[in-house]
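**Student:** After the structure tokens below, expect a handful of questions from me.
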Amino acid sequence: MKFAVIVFPGSNCDLDMYHAVKDELGEEAEYVWHDSTDLSKYDGILLPGGFSYGDYLRCGAIAQTSAIMGEVKKAAEAGKPVLGICNGFQILTEAGLLPGVLLRNKNLKFMCHTVGLKVENAHTMFTNQYTQGQEIRIPIAHGEGNYYCDDETYEKLKANNQIVFTYEDDFNGSRNNIAGIINEQGNVLGMMPHPERAVSDLIGGSDGLGLFRSIVKQWRESHVTHA
Amino acid sequence: MKKVKIYVTLRESVLDPQGSAVMGSLHKMGYGQVEDVRIGKYLELMIADGEKDIDALVNEMCHRLLTNTVIEDYRFEIEEAVSQ
């Protein structure tokens, strides 16, 4: 499976994302610069964390206007897996690929530590290697991870099982502790925690591996080679 | 040439922790009369005269980039300006 790691000016988790896919998963990965206009050869799209365009105006707002985002939308419409982590999640909401928005943390602080997450929906192409309700530990590193949406959107997210991960504790103010959501179609996931930083026990944990393995498993099952 | 002044504010339903922190400071400084602080943004655009209706143009830019209407409201004023 071939992944594109989209690189914006100010992305800083692109290397970790690449490492997770290439070295830990053994799949193919390539960096794709934000002004590229073709993602057709990739099977999965990864939007890494960081501070694209210095988070000017609003986090993710300027990145959303990049040439590559038109291609990301096309890939999403085609049903390819699109994963946005941290700043990637913020970009996906600004681009309208996911509902809601990420606000400043309620305590106004940048927070960087490992948190407990609950897998709320283990039946997605991103979570099939976890069990429903499983508790996993994944690092967070954000100043703007306070997920906000209106009541109507929240009810819709709940009814469609679009809430994929929640925090065990409320530390950033997110509505109903939401840590990650999926689009209605089920192929675009945005989450604030960093699974790409939890892919090896040597560096503090491997609970994030399941997410990447889920994507690959789903892809293999739907792309059986007829030799 | 037009000078467009855009005021962006957080919607009432959205909590403003920055505003709350500033209000806390004002209270500590003795300005107990202050009952609420909301922090917004101010943008100034110089726009050359063109064929498109300026109101429509500003609204379009606000929706596409300058504001996020999930959390923000905006209003703007247009003034005649002299090109520099």
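Each residue, glycine too, has its Cβ placed from N, Cα and C.
TrEMBL lists A:CYS86 with the feature active site, nucleophile. Residues or ranges marked as active site by TrEMBL: A:HIS194, A:GLU196.
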**Student:** Taking 10 A as the limit, how many CB atoms besides its own sit near the CB of the residue listed as 'active site, nucleophile'?
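**Tutor:** Result for the residue listed as 'active site, nucleophile': 30 neighbouring Cβ atoms inside 10 Å.
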**Student:** For A:GLU196 (active site), list the number of other Cβ atoms lying within 10 Å of its Cβ atom.
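**Tutor:** Excluding its own Cβ, A:GLU196 (active site) sees 29 Cβ atoms within 10 Å.
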**Student:** Between A:HIS194 (active site) and the residue listed as 'active site, nucleophile', what C-alpha distance do you get in Å?
**Tutor:** 7
**Student:** 10 Å Cβ neighbour count around A:HIS194 (active site)?
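**Tutor:** A:HIS194 (active site): 24 neighbouring Cβ atoms within 10 Å.
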**Student:** With DSSP assignments reduced to helix, strand and coil, which class does the residue listed as 'active site, nucleophile' get?
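**Tutor:** Once the DSSP labels are grouped into three classes, the residue listed as 'active site, nucleophile' ends up as coil.
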**Student:** Please report how many Å separate the Cα atom of A:CYS86 (active site, nucleophile) from that of A:GLU196 (active site), as a whole number.
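**Tutor:** Here the two Cα atoms are 11 Å apart.
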